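**Student:** Shown below is the structure under consideration.
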Ligand SMILES: [Zn+2]
């Protein structure tokens, strides 16, 4: 025991509990503490190491669209419980209230640097961006509307894959979205896919990886099953950087890696080139 006993601190100053929630965010990559406002102003990118955090769908649309040009479509669609999956309806209601979204994708029309286009932006905060029948239906409608209006379709993916609670109806969305994209391609119209962290499962295996141009954000994870599952199944060590955007670029799955700050400009350039 020491000579002096430690005094007990009984100050009434600020404590950990009195600190407002969500004021600071710790970067998962470099550990830097970032003020939430700074993070928002920097488009949810760490100013220290450029780590790209998840970006809410509406914030993404604001980043990409010409100001005031976005018009949302089919916003009222939300999932029922076709398979009577236990507590699915409760979970959907809770997420609708919490996220102010009706499902994991926001669709609509907008212009990017003056070029009219249709867009679908997935939102990971709603049910981990899983694809159920509403996500598939909204994306399909956005593609079909793009074909009708003879403009491009852009899909920004961020997903854990097909939604288990809707079983086969979820898996069916893979074929449905791809069939709509095939018709869009037959009409000679472009599709740009933007993959963000993480793009996995049935979304990777359907529309996310079949763009005429496939873009991705730096270091985002792109894969079908996660690395742990792949390792356990194949009993092999995985190469360094496995399933990152950089690895995919090196192996030819994607065409370019685009920093979020440059995304709008890049999409504008591509649209002008693809639909002069
Ligand atoms: Zn960082």
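Cβ atoms here come from the backbone N, Cα and C positions, even for glycine.
What TrEMBL says about a protein is an automatic prediction, not a curated fact.
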**Student:** Quick check on the annotations: TrEMBL lists zinc finger for one of 4-26, 27-49. Which range is it?
**Tutor:** 27-49
**Student:** Is the zinc finger (27-49) packed against any residues at least 6 beyond its ends, judged by a Cβ distance under 8 Å, and which are they?
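**Tutor:** Answer is 55, 59, 63, 219, 259-261.
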**Student:** Name the residues of the same chain, 6+ apart in sequence, whose Cβ is under 8 Å from the Cβ of residue 30 (Zn(2+) binding site)?
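**Tutor:** 46, 48, 49, 51 - these are the non-local Cβ neighbours of residue 30 (Zn(2+) binding site), listed in sequence order.
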**Student:** Quick one, of the binding-site residues 27, 46, 49, which Cβ has the fewest other Cβ within 10 Å?
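**Tutor:** Least crowded of the binding-site residues 27, 46, 49, by Cβ count within 10 Å, is 49.
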**Student:** Neighbours of the Zn(2+) site 27, 30, 46, 49: Cβ within 8 Å of the Cβ centroid, same chain, sequence order.
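**Tutor:** Same chain, not in 27, 30, 46, 49, Cβ within 8 Å: 28, 29, 31, 32, 34, 47, 48, 50, 51.
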